[in-house]
Amino acid sequence: MDRLLIQGGTPLCGEIAISGAKNAALPILCACLLTSEPLQLSNVPQLRDISTMLRLIEQMGVEVSPDGSNGLVLDSKGLNNPLAPYDMVKTMRASILVLGPLLARHGEARVSLPGGCAIGARPVEQHIRGLQAMGAEITVEHGYIQAKAGAGRLKGACIVTDMVTVTGTENLMMAAVLAEGETIIENAAREPEVVDLANCLVSMGAQISGAGTDKIRIRGVERLHGARHAIMADRIETGTYLCAAAATGGSIRLTGTSAAYLDAVVDKLLDTGCDIVIEREAITLNAPQKLRAVSIRTSPYPAFPTDMQAQFMAINCIAEGSAVIRETIFENRFMHAVELIRMGADIRIDASNAMVTGVERLDGATVMATDLRASASLVIAGLVAQGETVIDRIYHLDRGYERIEEKLGQLGAHVRRVR
Ligand code: EPU
């Protein structure tokens, strides 16, 4: 299993380009299932989760061809196997995103029920309930969701989700674009990735309004056509590199990205004492001598993202003062804390609150990555720590950070992958 060796203590300096967003690309790959014409995508990040999703749709009959660097053409005219097997779903929960499009275009689907994962139970009953409201007949048997579109075509419905769910909103939106009549999703997720998916669907001929608000209206159409779409920049990758530069006392410029979706993160970085300059498609950060600890509370967009919580915990570990981190989205998303403590951090966990008091320095240690964003916080801690840090199980990182050791190397970090 690959490990990452980090020799800490070098401030990150320089410029790198940010990749396409994993969490926008994953639903958009599934959107190809909604049409028999080719969907041409650019700025697709090369990540483990993306190759898992491509394998999943390929075994359904989708033809995938590369298109220049970071481009793909997806052709699902030969779609013949509406099945998402357990082996694939268990490695990537986002596989559930095939359910809505398969039902909408193919009229049936068999998708393994995702189990829990390292960060929490993560049930999908909102996806199922919404599809049932649209007339789908759904049973769960032997660990599989068996779904059929009632009288051949789904019907528009008014759906109010019990909580804000990102992939739930995306699944229902994709189901609704080919349904008969109008669907309204209330309490919809407002995440920028939902908007990117809606933009892609609209360029395929869908009629959607309100994406980016908590009420999305979709008027179903008979069929969608092929389209071209460029995946938005990854706001979490952007935030992660900003945090890494801040923690190491560095100075970096990130290109091919936008601060437009990062208000909550940028505000907190300003509170730590960083200087930030925003351009239309670039962000520059200069870190102060010593960071100030900042309290955060995770919430759905536009509030502070749960996917940036672990990285800010790493910052607080070496900042001046104490801060409270409150995680409200997932019930088990502090797994990185125990590893950070092994590096000398002062963190006390009480249910969904973590009290972090900054220490003078962290020490390199062997630590274990437990999930994607937890791994990112360990990388940041390793970059700051004195001596060598070895991060085990970095396949988690490869799920969501494209060429991470190469990008960190470009910024002057001493990072090496060993097999
Ligand atoms: N929830 C339910 N029932 C449902 C759906 C969700 O109880 O039917 C709960 C979840 O258990 C959680 C909350 O609602 O407590 C929000 O979960 P959500 O459905 O929004 O999460 P998700 O769609 O599974 C996406 C991202 C995650 C990100 C969350 C929150 C993708 C592929 N994944 O997950 O990204 O943390 O939204 O913003 O978009 C990551 O990239 O590292 C990652 C975990």
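Any Cβ shown, glycine's included, is placed from N, Cα and C.
Database features, via TrEMBL:
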ACT_SITE  C117  active site, proton donor
BINDING   K22, N23  phosphoenolpyruvate binding site
BINDING   R93, R122, P123, V124, E125, Q126, D307, I329  UDP-N-acetyl-alpha-D-glucosamine binding site
DOMAIN    7-408  domain 'Enolpyruvate transferase'
MOD_RES   C117  2-(S-cysteinyl)pyruvic acid O-phosphothioketal
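Mapped onto this structure are the features recorded in TrEMBL.
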residue : record                                        : CB count, 10 Å
K22     : phosphoenolpyruvate binding site              : 26
N23     : phosphoenolpyruvate binding site              : 24
R93     : UDP-N-acetyl-alpha-D-glucosamine binding site : 18
C117    : active site, proton donor                     : 15
R122    : UDP-N-acetyl-alpha-D-glucosamine binding site : 17
V124    : UDP-N-acetyl-alpha-D-glucosamine binding site : 18
E125    : UDP-N-acetyl-alpha-D-glucosamine binding site : 12
Q126    : UDP-N-acetyl-alpha-D-glucosamine binding site : 20
D307    : UDP-N-acetyl-alpha-D-glucosamine binding site : 23
I329    : UDP-N-acetyl-alpha-D-glucosamine binding site : 18
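If you take the CA of C117 (active site, proton donor) and look 10 A around it, the binding-site residues you hit from N23, R93, V124, I329 are R93. Classification of the residue listed as 'active site, proton donor' by DSSP places it within a strand. Counting only the Cα atoms, the space from K22 (phosphoenolpyruvate binding site) to D307 (UDP-N-acetyl-alpha-D-glucosamine binding site) is about 12 angstrom.
Largest CA to CA distance in the UDP-N-acetyl-alpha-D-glucosamine binding set (R93, R122, P123, V124, E125, Q126, D307, I329): 22 Å, whole number. Here N23 (phosphoenolpyruvate binding site) is compared against the binding-site residues V124, E125, D307, I329, and the shortest C-alpha distance is to D307.
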